[in-house]
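What Swiss-Prot lists as ATP binding site is M183, L184, H208, F209, R265, G287, Q296. Sequence annotations record features per position, and here Swiss-Prot assigns domain 'THUMP' to 60-165.
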Amino acid sequence: MNYDHILIRFGEISTKGKNRRSFIERLKQNIRLVLKDYKKVKYFSNRDRMSITLNGENPEEICSLLKNIFGIQSFSLAIKCESKLEDIKKTALAAIEGEYKPGNTFKVETKRAYKQFELDTNAMNAEIGGHILKNTDGLTVDVKHPDIPLRIEIREEATFLTIRNEKGAGGLPVGSAGKAMLMLSGGFDSPVAGFYAMKRGLSVEAVHFFSPPYTSERAKQKVMDLAGCLAKFGGSMTLHIVPFTKTQELIQKQIPENYTMTATRRLMLQIADRIREERKALAIITGESLGQVASQTLESMYAINAVTATPILRPLIGMDKTEIIEKSKEIGTYETSIQPFEDCCTIFTPPSPKTRPKKEKIEHFESFVDFEPLIAEAAAGIETITVYSEQEAHDKFAGLF
């Protein structure tokens, strides 16, 4: 079937009242960014939905990209025709003929936004259904569980016919809720946390701490690949790679062993907070889940958080590890996260980390060490790169070879 349009229905945007227009504009910008290589498409929007005119572009390719865009509740490939009965009948029959097999069932559902149309909804359903039955073989009606639900939307300017309704990613358009920094390691948790933050409308930049030679270039590439996995939900992702070797070596030398993990997390948070301020973000995102590991007890979080007044967002706080892993499989980060290249946190994990550290104690231990020069040095040596989704990166560099 030659589909010529895609109809896009909004998710939570429909509840945003006075801010509705800005949310729709943000979603439109995000869709344009993701579909920027499809030069022929045109966009139209109103209060209830958006439509894309394909103008010959590949509909299946575009649909596969739309599935990852937050703010879309659902979308459908559609055929457009004039709002005239004979045109609708002809188009409906062509749509069914392109989909059905003998033995299939179908149902016609009409939405008549154009109230001056010559037939009402029930009469239209009967008219179109009768026309299809008369001109096909082996097709019957099932109004409860049809194989082919033919939906007809009649508007004054045009009529749209759809058959398949695809589920969208839901949530809010990326960037509609502001910007935050994601502390991105190479594990399962932080990429999933980044996904959920983006789903709630946050524009996310990632911060990764890199400690060569203790961590390898492969570990660095692993994190870049994870950022690329997340980039498909926002078009691209900015990744800040922080040199952390000297800071970790000083921690190991000067801080009691069972408090090294707490000190490491506190210093990471301070550096991430400086990057956040420079990048004009308003929060920091972590992949912490309450009680999952020693650094994620409530006492640890309290002692670590004390170094900043910046909001710390923890999208996974109530999730089990198995739930997080299942989600990582769903969003496409699992296969990268299982690669056996350790990050700086796992390399320097003490044998018996303090699970209930005291804020006063870690502050006492840190008071004997001047970390500020190393924090400044790490901040000055940050490598900032833009990471694209796997497909976009392939397209971007394909012409070079």
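Yeah, the Cβs are placed from backbone N, Cα and C, and that goes for glycine too.
A map of Swiss-Prot features onto the structure.
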{"residue": "M183", "record": "ATP binding site", "Cβ within 10 Å": "23"}
{"residue": "L184", "record": "ATP binding site", "Cβ within 10 Å": "30"}
{"residue": "H208", "record": "ATP binding site", "Cβ within 10 Å": "27"}
{"residue": "F209", "record": "ATP binding site", "Cβ within 10 Å": "26"}
{"residue": "R265", "record": "ATP binding site", "Cβ within 10 Å": "24"}
{"residue": "G287", "record": "ATP binding site", "Cβ within 10 Å": "25"}
{"residue": "Q296", "record": "ATP binding site", "Cβ within 10 Å": "21"}
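Break the domain 'THUMP' (60-165) down by DSSP state and the numbers are 34 helix, 31 strand, 41 coil.
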